[in-house]
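Working notes for the structure below.
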Amino acid sequence: MACLGHPIVRLHSLPRPVANSQCWRPKLSGGAPPLRSRWRMDLSPSTSVASSAAVACAGTTTSSSSSTSFSPRCTGHSRMPMARSQQARWSSVITAASALVACAAGRRWRARPSMLMARHDARTRSSLGMRGSGFSSSPSETRSSVASAREPVRPGKVSAVLPVAPEIERPAYMLPGVCVDQETGMYKHDFLNVIEVKTPDQIAAMRVACALAREALEVAGRAVAAGVTTDQIDAAVHEFIVSRGAYPSPLGYMGFPKSVCCSVNDVLAHGIPDDRPLQDGDILNVDVTVFIGGHHGDTSSMFVVGSKPDPAALHLCKAGQRAMMAGIEVCKPGADFREIGMRIQDVSDAAGLHISELFVGHGIGSYFHGAPGVIPFENDEYQGTMLPGMTFTVEPILVEHTKLEASHRIWDDKWTYQTLTNARSAQFEHTVLITDDGHEILTGPSVDYLTLAGLRR
């Protein structure tokens, strides 16, 4: 289950390591050298520039413009010198500056703001996720016509919460008296904000939970068909998980009413299963997390409805899986966590797609979400290096490229994130263990979603 951006990567302000496990915290004084040299924008009060000029320079038109005083100058690989609370109000300024510099330099410029680690509230969440795409044409811009011909996903009716036998062990956030930390937006008793290095016993428990999560995901995949509702998929997975003496981790988490997340077409993440029947040609992500033996296992995959999806859908899904695997391939002792985002970014750029910056991967264990925040795009958030025994998820969300970027809306259920432009998204996820000589995909092997749909690779 993808984790919304929050302060899990602010490791310089973390408490002491918890008892009975070895935890590691990187030294952040002075920062770390950048992995790549990228142009950034440094904004200082000086000149008045209208954002409409930037759009016009890019070859598009707009009916509104805003004027702000600033003087852009390229500073290399440095962060924008502004408080996090000011990021949203400066977004139009950054867009204007980026376009003007791009035109002046005669090159494509890609805005790469540092990751916004925000509290879990709707007002802040709605300001995140915007990413510059440059202004040159890409293969996906031609594919955007498919989105315009397809109806956006609409909310359906959500059925009652399914029961779980009382003898099945519950995760900490389902126990009485658990409350949410106002600073992190996470459960106080089910959130570890240090990077945990697990013991052999913990790793063994993780293997059991992750193997079961992978089985549950295949159950979901076999249930996918035209005319089937996501509520029916949820019921099938729920029945399988509880029949194995495990608890479906999403159920009751922050009030989530179902056992899996089902995100169809233009839903970015956290879709709540409902009574909407799947249609031939739909694509959907099913996100499964299982709690058993005191530990969580988390995985997700895309699935294709029917045997004749459009080429753009297959392109998106295949690129999403390649991006996830590219991020996982760099995982080994001593590797910088930022390498994951770099590799994912390379695949996404080559495919002409966009990476959603709303959600990050996360540490996982006896807790559902924890450090590190595994950022799935190129970034400057130094979190140290990987050590044997660390477990975390890698789960990029790739989005069809559109001129309006991956701007989004949040449904009234406060969970479902949907693109405003009807652009579809694809997400794949694995839980990864760092071993002495590399990594192990605990939720592997990947579900063969194309074979389940009757398609050839």
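Placement of Cβ uses the backbone N, Cα and C atoms for every residue, glycine included.
Using a 10 Å radius centred on the Cβ of HIS369 (substrate binding site) and all shown protein chains, the other Cβ atoms total 27. Under the heading substrate binding site, TrEMBL lists HIS270, HIS369.
Cβ-based neighbour count (10 Å, all protein chains) for ASP298 (divalent metal cation 1 binding site) stands at 31. In this structure, ASP298 (divalent metal cation 1 binding site) is part of a beta strand by DSSP. Annotation source TrEMBL lists divalent metal cation 1 binding site at ASP287, ASP298, GLU429.
What TrEMBL records for ASP298, HIS362, GLU395, GLU429 is divalent metal cation 2 binding site. The DSSP secondary structure for GLU429 (divalent metal cation 1 binding site) is strand.
If you look up TrEMBL, you'll see 60-71 marked as compositional bias 'Low complexity'.
TrEMBL lists 134-147 with the feature compositional bias 'Polar residues'.
What TrEMBL lists as domain 'Peptidase M24' is 205-436.
Here TrEMBL flags 60-82 (among others) as region 'Disordered'.
Per TrEMBL, the feature region 'Disordered' maps to 126-151 (among others).
What surrounds the divalent metal cation 2 site, by Cβ distance within 8 Å of the Cβ centroid and not counting ASP298, HIS362, GLU395, GLU429, is the set MET1, ALA2, CYS3, ASP287, THR299, SER300, GLY361, ILE364, VAL374, PHE392, THR393, VAL394, HIS430, THR431 from the same chain.
Looking just at the domain 'Peptidase M24' (205-436), the mean pLDDT is 95. Candidates HIS270, ASP287, HIS369, GLU429 (binding-site residues) were compared with HIS362 (divalent metal cation 2 binding site); those inside 10 Å Cα-Cα are HIS369. Taking the binding-site residues HIS270, HIS362 in turn, the residue surrounded by the fewest other Cβ atoms inside 10 Å of its Cβ turns out to be HIS270. Listed in sequence order, MET1, ALA2, PRO250, VAL260, CYS261, CYS262, SER263, ALA269, ASP298, THR299, SER300, GLN427, GLU429 are the same-chain residues six or more apart from ASP287 (divalent metal cation 1 binding site) with CB atoms under 8 A from its CB. Annotation for GLU395 (divalent metal cation 2 binding site): spatial neighbours ALA2, SER300, MET324, PHE359, GLY361, VAL374, PRO376, GLN427, PHE428, GLU429, HIS430, criterion Cβ-Cβ under 8 Å with sequence separation of six or more.
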